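**Student:** Pasting in a structure now, in structure tokens, and then I'll have a few things to ask.
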Amino acid sequence: MATQQQQQQQQQQQQQIKARKDIQIQQAQSASDILGPPEISETEITTESILGDGSFGTVYKGRCRLKDVAVKVMLKQVDQKTLTDFRKEVAIMSKIFHPNIVLFLGACTSTPGKLMICTELMKGNLESLLLDPMVKLPLITRMRMAKDAALGVLWLHSSNPVFIHRDLKTSNLLVDANLTVKVCDFGLSQIKQRGENLKDGQDGAKGTPLWMAPEVLQGRLFNEKADVYSFGLVLWQIFTRQELFPEFDNFFKFVAAICEKQLRPSIPDDCPKSLKELIQKCWDPNPEVRPSFEGIVSELEEIIIDCCIPDEYGAILWKNHFKHENEANWKDFINVFSNFVGLTNANTPSMSDLLQFSPNLNGSTIELNFKCLKSIIVSSPKGPHEEEVVLMEQFGKVLAWFGNLKEDGSQILDKIRQLMECAWFHGDISTSESENRLRQKPEGTFLVRFSTSEYGAYTISKVSKNGGISHQRIHRPQGKFQVNNSKYLSVKELITGEAQALGINTPCLGSRFLSLIYKAQLSGYIN
């Protein structure tokens, strides 16, 4: 009987807790409805220089509450529909929070003729960067920018109800000081229930025609796959850095070309195959064939890996174990790497455990090999409590410098150690640092370092006859090292074979690797 009473008391307590939670949720929702978007008085906002034009007005750099902001100011003369759309944009932005969506700070919605939206201030838009030939943007950087944009739109499409952007283009993708891309300008966005299709009214299609999907241009039913079509064009411009459809100046001819002839921009021959296929899927005439943004993000992650790690098997390693990451913990990396090249397997302890606990490896060549690998592949922790990590790009560089993972396997570790045993090898130092080390040294003094301008290559820096310092590239075509039309299997063999012809005879001391090599007998566990 006592047990039944206890059960009844527990049930009553649970019901009371649930009732209190329901009341709290209702109160929170009610408060949200009452407060609405953060309202900012027009007197708190000052505008400065013009940044550009948005859907409904001009965007300025400004100040609000002692903070630099971007201020979108509505056109002074607006009709009721435009005003409604403006308030809809404010409502949408006030409910969306994501690292790849421009942060909404507040709005002035109550003063006629003074309607403004305040957002975080960005450095510029992606279109301006892409079309500026003076701005250096490596393909890896551009693909990461594409992924940022895709993550932002994925967040919109994953919401319930679904948000369709409807004006997705590179000028509506803003870039901050760290080159992080964020989606902006929700003036034309539409909300729909999942699975629902929409259709434009008598006013015609909304958005920018050059970036519109065929179904939107033709006034047919559409859904979020219209954004996917636009993103295919975004990807094309991110890769080519060219203007979109410069040959068209007639709207009706453009619509006929896109919708009837299924014309699309030409994809250059040097476009990576996986990226080309993704672009083509995105702008397919059939919306059902186009991928979701979840699929787009997944494919972009693989494309980024391929860009960072050109070595086929190195890319496979990263995709299988660290696909969603730009970096890997050092211990996790050596465990995966060791298993991948056959140094360990499912029946042996992990390499990190072997290096830490196996007395047989203390002072061994294997331990020294991993110390040498660590010295060129690990990024130093930024803080006292942060872990040592391997960056994806650095793994790609190491493979480009030292070998092919499929053919060389664990022998890559031996190649790294053998090069570090050479007193003249200084690794990843800059041109200016190499000149500092060689300054006032005798003629013929030299060092070898990684090239700072050619992927996978090396550079010989030496003191010439007149005391000047010169630099000569060691290329690596088809896996062999070449200088003066002579090819060798290793950098060490090249230096020995070409020393007289190159006028080099005395290694420049000061390599950071020498202490690592000659203190090997004192080595213990890799920290």
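We number each residue from 1, going along the chain as drawn.
Cβ atoms are placed via backbone N, Cα and C, with glycine included.
What Swiss-Prot shows for this protein is this:
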ACT_SITE  Asp167  active site, proton acceptor
BINDING   Leu51, Gly52, Asp53, Gly54, Ser55, Phe56, Gly57, Thr58, Val59, Lys72  ATP binding site
DOMAIN    45-304  domain 'Protein kinase'
DOMAIN    424-513  domain 'SH2'
**Student:** How many whole Å apart are the CA atoms of Gly57 (ATP binding site) and Asp167 (active site, proton acceptor)?
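**Tutor:** Pair distance, Cα basis, whole Å: 15 Å.
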**Student:** Indicate the candidate from Asp53, Asp167 with the smallest number of other Cβ atoms within 10 Å of its Cβ, considering only these recorded positions.
**Tutor:** Asp53
**Student:** Between the Cα atoms of Asp53 (ATP binding site) and Asp167 (active site, proton acceptor), find the distance and write it as a whole number of Å.
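**Tutor:** Cα-Cα distance, Asp53 (ATP binding site) to Asp167 (active site, proton acceptor): 13 Å.
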**Student:** Please report the distance from the Cα of Val59 (ATP binding site) to the Cα of Asp167 (active site, proton acceptor), rounded to the nearest angstrom.
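**Tutor:** So the alpha carbons of Val59 (ATP binding site) and Asp167 (active site, proton acceptor) sit roughly 16 Å from each other.
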**Student:** Calculate the distance in Å between the alpha carbons (Cα) of Asp167 (active site, proton acceptor) and Leu51 (ATP binding site), and round it to a whole number.
**Tutor:** 18
**Student:** Non-local Cβ contacts of Leu51 (ATP binding site) (under 8 Å, 6 or more apart, same chain)?
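**Tutor:** Result: Val59, Tyr60, Lys61, Ala70.
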**Student:** Over the domain 'SH2' (424-513), what is the model's mean pLDDT?
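**Tutor:** Over the domain 'SH2' (424-513), the predicted model scores a mean pLDDT of 94.
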**Student:** What number of additional C-beta atoms lies within 10 angstroms of the C-beta atom of Val59 (ATP binding site)?
**Tutor:** 21
